[in-house]
């Protein structure tokens, strides 16, 4: 899940980035901060190009010609089930969300740092749970990666390729911005759907995320700049 932050106070914006990055790293959630900016139009442009569900943390009072609530209303046109969270120091402005019919997940008051951190994490947990529920309805395709006592849910679109691990019965999922080791086997993963193809004894690739293929060297390059290898027999089948 991609996370967007629109906050015109640089210190506050950096604080939110730190809170979210630490949460993602510690909890190993399939999330990333796609954009942190003071420009609402940059966020809106990203929302227009979204092909999955986003999570948006928006300051209500921005130093531009568009406020956070109006931005949320515009985002709704392109990401109707996205998670919109307003961050503000002005509780009296929350009524505007009903005027604009934004359907916000939460309002976080940023004057209390401890409360800010707790509420941001609560929102991320809720957004993650919603994503899992939507995936059960086939709205978003995800896979459960089992890591012993816990699991991580990852969207198909975030997967570059799977690789066999040096550890027995384990694989490594190469995602857009990180790697996850989990229990599984490549044969099952190659049968998820047509986009996943076993190009080598050690690799299953996501065809949708391939940038290019060097057929001579049998190297597959991905959108995140990683690469893997293909066998002589399978390189032309990718």
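Numbering starts at 1 and runs along the chain as displayed.
Cβ from N, Cα, C; glycine included.
According to Swiss-Prot, the protein carries these features:
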| type | residues | note |
| --- | --- | --- |
| DOMAIN | 2-125 | domain 'Response regulatory' |
| MOD_RES | 59 | 4-aspartylphosphate |
| DOMAIN | 143-238 | domain 'HTH LytTR-type' |
Average pLDDT across the domain 'Response regulatory' (2-125), rounded to a whole number: 88
Structural state census, the domain 'Response regulatory' (2-125) (DSSP three-state): 59 helix, 27 strand, 38 coil
